Amino acid sequence: MSRGTMPQPEAWPGASCAETPAREAAATARDGGKAAASGQPRPEMQCPAEHEEDMYRAADEIEKEKELLIHERGASEPRLSVAPEMDIMDYCKKEWRGNTQKATCMKMGYEEVSQKFTSIRRVRGDNYCALRATLFQAMSQAVGLPPWLQDPELMLLPEKLISKYNWIKQWKLGLKFDGKNEDLVDKIKESLTLLRKKWAGLAEMRTAEARQIACDELFTNEAEEYSLYEAVKFLMLNRAIELYNDKEKGKEVPFFSVLLFARDTSNDPGQLLRNHLNQVGHTGGLEQVEMFLLAYAVRHTIQVYRLSKYNTEEFITVYPTDPPKDWPVVTLIAEDDRHYNIPVRVCEETSL
């Protein structure tokens, strides 16, 4: 993939902090993904956009990131998807040593985050990064099996949807999957079963430490890890179909879903699958508007410290804008809206 200037869509007047990324994504899609930065800079510090890279990482950069994560524990041990925790400001000093405007902005952003969290865990930066960071946080914090995973209808979804929407057979199976799409119903059902089983097992553990150890182990098993991502992508598609059908019937839907289907590349769920979800893990990650869909799929509020937006209203972005009060919260750190890391160790004097 070529690497150039990361698109910086126009700001939408009146957008709330959490809605802006979805609006940005829609604006970018309408402009062919090449919209240039046009918002007026704030008088105070903002991270510069002119030298930022494409939304998704080049293959050589992904491989370099993988090698770094292997070296965290040693080449002879299992490959890590989520590195061990380290002091968040030590990590910042290691990653951002220069005195450029962007480095200064990042340091200030990390300093702000360090008021809430003392440590960070680096997440492997491939095109599953957003899914990996979100799912790892959600499962490691599990204190019970969510009602949506207990629903007996869940395992019937693959056959039900694929029989109703023939275009789902265009599904592109993820990495580490054997077999062909003729086995698609069984493959997705196996992934959903694994997600339920692993989530339930983690939720039954008595201590947070035990859950963390088990979750670390799960995310070193690539076959199981990638199967979980397939399940989550299918849940995202299911929610997209529900939202699209509601919109077509004139029902009230979350604003992000209007923007999701306003893109030239995802006018309907079929296009969303072909042009976006099928690319996740292969050639692209999740776009900003799709982070809302991810939140709805796993029914978790996703709070992100967007360090490139330091000193703006978008520094802390919440997906979705107005989440149900009973949704658990996962917190992530993003340096550039494509690579997510995990903050850990909430400061004793701080509460979210």
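Glycine residues also receive a Cβ, built from the backbone N, Cα and C atoms like all the rest.
What Swiss-Prot records for D126 (among others) is active site, and it gives experimental evidence as the kind of evidence.
Residues or ranges marked as active site, nucleophile in Swiss-Prot: C129. Around C129 (active site, nucleophile), the same-chain residues at least 6 positions away in sequence with a Cβ under 8 Å from its Cβ are V123, G285, R338, H339, Y340.
DSSP assigns H339 (active site) to coil in the three-state reduction, outside any helix or strand. Residues annotated as active site in Swiss-Prot: H339 (among others).
Swiss-Prot lists 18-37 with the feature compositional bias 'Low complexity'.
Per-residue pLDDT, averaged across the domain 'OTU' (118-346), gives 94. According to Swiss-Prot, the feature domain 'OTU' maps to 118-346, an assignment based on sequence analysis.
Taken from Swiss-Prot, the feature phosphotyrosine applies to Y56.
Here Swiss-Prot flags 1-48 as region 'Disordered'.
According to Swiss-Prot, the region 'Linear diubiquitin binding' annotation covers 255-259 (among others).
What Swiss-Prot records for 283-289 (among others) is region 'Linear diubiquitin binding'.
Here Swiss-Prot flags 52-57 as motif 'PIM motif'.
Marked as site 'Linear diubiquitin binding' by Swiss-Prot on the basis of experimental evidence: E314. The DSSP secondary structure for E314 (site 'Linear diubiquitin binding') is coil.
Over all protein chains present, the Cβ of H339 (active site) has 21 other Cβ atoms lying within 10 Å. Between the alpha carbons (Cα) of D126 (active site) and E314 (site 'Linear diubiquitin binding') lies a span of roughly 24 Å.
Secondary structure of the region 'Linear diubiquitin binding' (255-259) per DSSP, as helix, strand and coil residue counts: 5 helix, 0 strand, 0 coil.
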